[in-house]
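S.K.: Pulled the feature table from Swiss-Prot, pasting it below:
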{"type": "ACT_SITE", "residues": "Ser101", "note": "active site, nucleophile"}
{"type": "ACT_SITE", "residues": "His126", "note": "active site"}
Amino acid sequence: MPIGTPSVPYRLPGSQFERWVDIYTRLGAERILFLGQEVTDGVANSLVAQMLYLDSEDSTKPIYLYINSPGGSVTAGLAIYDTMKYVKSDVVTICVGLAASMGAFLLSAGTKNKRLALPHSRIMIHQPLGGTSQRQASDIEIEAKEILRIKDMLNRSMAEMTGQPFEKIEKDTDRDYFLSAKEAKDYGLIDKVISHPNEA
């Protein structure tokens, strides 16, 4: 049976009364966002809107993006990525649990020196997935060219974010490539392994 989203008490600034809000709304007020599921268009739209709002409120304060995601849609993930680069606020990324595929790409896209992971996190990189089903050959060819273009773009971005040579990224992402938090730091996907909030 699903647990549901927990509610917590929250007092609006200037109000003497508390009200109950879902925990994500409460944490959002502290500039803490979560990517805790598959990356979809809906998830991307929500995160993009929240980042734009928080940046417009105060671009001098960082936005904290906690990631525990198996990845998902490349186009939805790139919308989040572009917004992370677009906002003036630093975006601190923190892996809790698993950052795989597009989740790992977004983890690595955080502000330099502010890409973090908890000690028992796992990070997995690989090439973008694409599939076809009963489509015309010309459509399959168009889709294959687009997947290869996206693969090249993601690998080049990953090489830039990690400092690894493009050829190494291309080889490592050819299949699922799992790393521990420490290995991800050595690889350049993150900057620091943390075990306490004060380290973030």
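Heads up, the Cβ atoms here are built off N, Cα and C, so glycines get one too.
I'd like these features described in context: how deep, what's nearby, how far apart.
M.R.: Every protein chain considered, the tally of other Cβ atoms within 10 Å of the Cβ of Ser101 (active site, nucleophile) stands at 26.
With a cut-off of 8 Å between CB atoms and residues at least 6 apart in sequence, the same chain places Ser101, Thr173, Asp174, Arg175, Asp176, Tyr177 near His126 (active site), listed in sequence order.
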S.K.: In DSSP terms, helix, strand or coil for Ser101 (active site, nucleophile)?
M.R.: coil
